[in-house]
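> Quick one: the structure is below, questions incoming.
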Amino acid sequence: MASNGENGRHQEVGHKSLLQSDALYQYILETSVYPREPEAMKELREITAKHPWNLMTTSADEGQFLNMLLKLINAKNTMEIGVFTGYSLLATAMALPDDGKILAMDINRENYEIGLPVIEKAGLAHKIDFREGPALPVLDQMIEDGKYHGSYDFIFVDADKDNYLNYHKRLIDLVKVGGLIGYDNTLWNGSVVAPPDAPLRKYVRYYRDFVLELNKALAADPRIEICQLPVGDGITLCRRIS
């Protein structure tokens, strides 16, 4: 028979926290996250919770982490690949100075427009340049132009996991030396350590190998320093050093 601790662990892949205890995660949210969550972010989080694909959103604790991180590095020029309804985008916009900019790319404008009224009401829409469509062609054009090399303070990637390595090959040229790239979902619901016969959802099993490949590549990349954190579904921060 399982102990109380075992009963409290997340049994179903898809939970946004990697903590072993639901109660402990709820404690963090209720003690440190929700009481300090800006009203606009709370509103967008509650709107997104009604979306059938709400698990795609950035968790509230990760949003808080990103917001503080951006302030600590004094970010001004940023990029986000994978927007969904815009919760992490809103966290970023709130952290940037009034003349800060975010190039935001997603293949689905409809989801972005769910959160856009909240962003507009918060007076932050002027910071966002939203582009609908695949990000790779945009990145290739930016690299070809030449003027964008080393121009970004921070880049956040929360998109198609099978293209993470393709993004990295390009983003390393676009982020400045000393700047950060954040890759989301790098622990992928904990599946990175799941045994081969573990009962995983089809999409989790499919993308797991891409996440494993990314993690291995980042750890071996001499151009960056890395820090992998168990926040949300796992986020790996890469600081460009050369």
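Each Cβ is built from the backbone N, Cα and C atoms, and glycine gets one as well.
What Swiss-Prot shows for this protein is this:
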- K16, D158, N189: substrate binding site (BINDING)
- T58, E80, G82, V83, S88, D106, A135, D160: S-adenosyl-L-methionine binding site (BINDING)
- D158, D184, N185: divalent metal cation binding site (BINDING)
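Show me how these features fit into the structure around them.
D158 (substrate binding site) falls within neither a helix nor a strand when secondary structure is assigned with DSSP, and so counts as coil.
DSSP assigns D106 (S-adenosyl-L-methionine binding site) to a strand segment in the three-state reduction. Less than 8 angstroms from the CB of D106 (S-adenosyl-L-methionine binding site) sit I81, G82, V83, F84, Y112, F130, E132, A159, each of them six or more residues away in the same chain.
Around N185 (divalent metal cation binding site), a 10 Å sphere centred on its CB holds 21 further CB atoms from the protein chains shown.
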> Near E80 (S-adenosyl-L-methionine binding site), which residues of its own chain have a C-beta under 8 A away, given they sit six or more steps off in sequence?
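Expected: S88, L89, T92, I102, L103, A104, M105, I155, F156, V157, D158.
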> The record lists T58, E80, G82, V83, S88, D106, A135, D160 as binding S-adenosyl-L-methionine. What's the largest Cα to Cα distance among them, in Å, rounded to a whole number?
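Overall maximum Cα spacing for these binding residues reaches 19 Å.
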> If one measures from the C-alpha of N189 (substrate binding site) to the C-alpha of T58 (S-adenosyl-L-methionine binding site), what distance in angstrom results, rounded to a whole number?
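If we compare the Cα positions of N189 (substrate binding site) and T58 (S-adenosyl-L-methionine binding site), the gap is 13 Å.
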> I'd like the number of other C-beta atoms within 10 A of the C-beta of V83 (S-adenosyl-L-methionine binding site), please.
26
> Counting only residues 6+ apart in the same chain, whose Cβ is under 8 Å from the Cβ of T58 (S-adenosyl-L-methionine binding site)?
L66, F84, Y87, S88, A91, D158, D184, G232
